[in-house]
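What follows is one structure encoded as structure tokens, with my remarks underneath.
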Amino acid sequence: MNWTKADVSIRARFRHGIRLARIPGGGRSGAESSSGSSPSVRDGRSTEATSLDDGATILVSVSGGADSVALLDLAVREARSRRWRLHVLHVDHGWRPDSGDDARFVRELARSLGLPSSGYRIRQDAWDRSALGSREATARALRRRAARRLATRIGASAVLLGHNRDDQVETILLQLLRGTGLRGLVGMPPRRGIWVRPLLEVGREELREYLRRRQIDWREDSSNQDLRYLRNRLRHRLLPLIEAEIRPGAAKSLLRMADALRSQALRFDREVQDAWIALSPERDGEAIRLDRPKLANYDPDLVEGILQRAFRAVSKGPAQLGQAHLRALEQALRNSVPRQFDLPSGVRAFVNAREVRLVVTAGQKRTGPRPRLT
């Protein structure tokens with residue numbers, strides 16, 4: 001099948017996304033690992049552990065939707081010249097009666113391409129315990145847990161994700177509405193740890209047109225139309241309204257803003273990394289301890305970055321603290337009165353004269369849902 005000019009453009013942008021992911025510092029934090037320790041291959045979450053070199057084993061996360069199916073097709077074509085060993089991952093959330101059909105579709109797609117595949121199904125009691133508003137965050141955390149587990153098992157050095165340019169716009173706007181700091185305004189990085197997003201420069205509709213031209217089928221997820229979810233309301237209502245009646249070209253403006261801020265965010269991440277090393281946080285099981293007097297000596301912006309990093313290390317997920325939590329923590333840090341706070345993802349913070357301690361609560365450790373391999 002002949003390649004059109006549009007196909008060549010999409011493939012070039014995919015390759016550019018791969019190149020960005022291979023550049024040291026191409027992610028948000030070139031030296032940071034999610035555990036808060038020094039980078040190592042064994043950790044599996046530091047940027048140094050990510051390899052997209054020739055001959056690497058790479059995991060491709062495929063939901064069955066257009067974005068991830070296009071990602072897989074592009075990865076397969078790239079793998080021929082790079083000798084990548086690809087492995088397909090599908091996570092079945094079980095939200096819809098036909099979700100099993102998605103799993104079968106992905107399994108058959110991988111088989112038709114001659115690729116090994118693995119599937120995980122999330123236990124339904126995970127959703128019984130999750131409020132509607134936290135479902136998306138829970139699903140994301142479980143997908144990542146499944147991907148990390150499988151990557152470790154098969155020796156994969158990177159996980160390809162199908163986030164596209166429209167997803168990036170939505171993410172930036174969501175972060176802006178939540179009152180994010182500098183890190184949130186730059187959106188999703190091309191790479192962070194083992195997670196690689198090579199399609200951030202390609203639009204959602206472009207990917208669908210690519211598949212149509214290549215005569216490749218995909219699955220439609222009806223939950224993407226469910227307006228109970230904030231991202232869907234933003235995608236189907238708010239963004240079209242802004243583009244049509246408030247600021248035409250707003251999406252492009254948000255992306256330009258993110259590009260302009262990215263170098264500043266990388267510099268800030270390096271400052272946080274230096275401060276983190278100087279503070280030498282103590283790990284004690286599910287807890288992280290920071291020296292309160294030393295932490296209080298840093299500028300408020302750096303304190304925020306350090307607290308965000310400590311939270312991510314304890315929660316072991318991509319979630320961030322909102323501005324309300326950060327302000328409360330910083331206020332307690334500047335005062336001498338002992339305080340404790342309940343944070344997202346089952347994390348609790350304790351602040352006293354000597355230390356700031358973040359710990360996963362016992363209930364979260366006991367009842368946290370687990371994906372099941374199928």
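Each residue, glycine too, has its Cβ placed from N, Cα and C.
What you are looking at is a predicted structure, and each value in this text was computed from that prediction instead of being measured.
These features come from TrEMBL:
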type	residues	note
BINDING	Ser63, Gly64, Gly65, Ala66, Asp67, Ser68	ATP binding site
COMPBIAS	30-41	compositional bias 'Low complexity'
DOMAIN	58-237	domain 'tRNA(Ile)-lysidine/2-thiocytidine synthase N-terminal'
REGION	23-49	region 'Disordered'
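Features recorded in TrEMBL, as mapped to the structure shown.
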| residue | record | Cβ contacts under 8 Å, 6 or more apart |
| --- | --- | --- |
| Ser63 | ATP binding site | His90, Val91, Asp102, Val106, Gly162, Arg219, Asp221 |
| Gly64 | ATP binding site | His90, Asp102, Ala103, Phe105, Val106, Leu109, Trp218, Arg219, Asp221 |
| Gly65 | ATP binding site | Gly162, Trp218, Arg219, Glu220, Asp221, Asn224 |
| Ala66 | ATP binding site | Arg204, Leu207, Arg208, Leu211, Trp218 |
| Asp67 | ATP binding site | Gly162, His163, Asn164, Asp167, Leu199, Arg204, Leu207 |
| Ser68 | ATP binding site | Val60, Ser61, Val62, Gly162 |
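Taking the centre of the Cβ atoms of Ser63, Gly64, Gly65, Ala66, Asp67, Ser68 as the ATP site, the nearby residues of that chain (Cβ within 8 Å, site residues left out) are Val62, Val69, Ala70, Leu71, Gly162, Trp218, Arg219, Asp221.
The average pLDDT the prediction assigns to the domain 'tRNA(Ile)-lysidine/2-thiocytidine synthase N-terminal' (58-237) is 91.
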